[in-house]
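Here is the structure we will look at.
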Amino acid sequence: MSLIVPRRCLRPARTLSQLPIRTQNRRSLASDAYSTPSPSSPSASSSTSTPTYPPEATTSTPSLTPEHRALVDRIIRVDQAGELGANWIYRGQKWAMEIKGDKKTAAQIEDMWENERHHLKTLSQLQIQHKARPTLLYPLWQVMAFGLGASTGLMGKEAAMACTEAVETVIGEHYDDQLKALEPLVSSTSPGSLPPHPSLPLMTDIIREFRDDELGHLDIAVEEGAQKAPGHSLLSAIIGYGCKAAIKVCERV
């Protein structure tokens, strides 16, 4: 059985040129709150507008109940570890494609990898800001992720794309679950309730942004032949279950 996210859950498929690559500044991004150029910067006028957040959104952490603090800590830890893994998967895939002489696919992977590098940088900033404990298994995830990317890349383009499809399916669903879990922290609909600390809506917007990026990668993987990979269903199932297990481990370790 395929692990594809139902198409109704996805945005229209996008080409690589439509991806929100960091060097292209094509759209307004919540994550740019951590790197917005000053008005006097030469690049400020060429970038798209960035949503406005107060300074404390990127410099302080809210006072939360132990339960909610544990939720924020867990979300940041898992997402940072996940983006680390994605970076090393793409690193391994690009290495394999260069070994095989497939320059076109190597360039496609580099474009998606650029996205993931920005994701990891942003989540590392969130980790420092909110004093979240990072996973203790960084070295293990690096080795395993590079091995996964390299091995599927050496199997061929379709297998590499099937790996991306399976990973991004799980990550997209996981980001959706996190957005639901954060909803009580950013909602202020009850009478007399105070507005949430601005860092929480910002973190929610960033997760939503990254979810959309990952689903864009999923669309590209499908368009580039993921489902034509030999043993696609079995490969997708193994990778998908592995990703879910890694998420559970990172929530605790």
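For all residues, glycine too, the Cβ spot is worked out from N, Cα and C.
Please treat TrEMBL annotations as automatic predictions, because they have not gone through curation.
As annotated by TrEMBL, compositional bias 'Polar residues' applies to 18-28.
What TrEMBL records for 18-66 is region 'Disordered'.
What TrEMBL lists as compositional bias 'Low complexity' is 30-63.
Over all protein chains present, the Cβ of GLU83 (Fe cation 1 binding site) has 23 other Cβ atoms lying within 10 Å. Marked as Fe cation 1 binding site by TrEMBL: GLU83, GLU116, HIS119, GLU214.
There are 23 other CB atoms within 10 A of the CB of GLU116 (Fe cation 1 binding site), with all protein chains counted. The Fe cation 2 binding site feature in TrEMBL is assigned to GLU116, GLU168, GLU214, HIS217.
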Listed binding-site residues (HIS119, HIS217), ranked by Cβ neighbours within 10 Å, top entry: HIS217
Inter-residue Cα distance where the pair is GLU168 (Fe cation 2 binding site) and GLU214 (Fe cation 1 binding site), in Å: 6
Extra residues within 8 Å (Cβ to Cβ centroid of GLU116, GLU168, GLU214, HIS217), Fe cation 2: ALA86, MET112, ASN115, THR164, VAL167, ILE171, GLY172, ASP213, LEU215, GLY216, LEU218
Proximal but sequence-remote residues of the same chain as GLU168 (Fe cation 2 binding site) (Cβ under 8 Å, at least 6 apart): GLU214, LEU215, HIS217, LEU218, ALA221
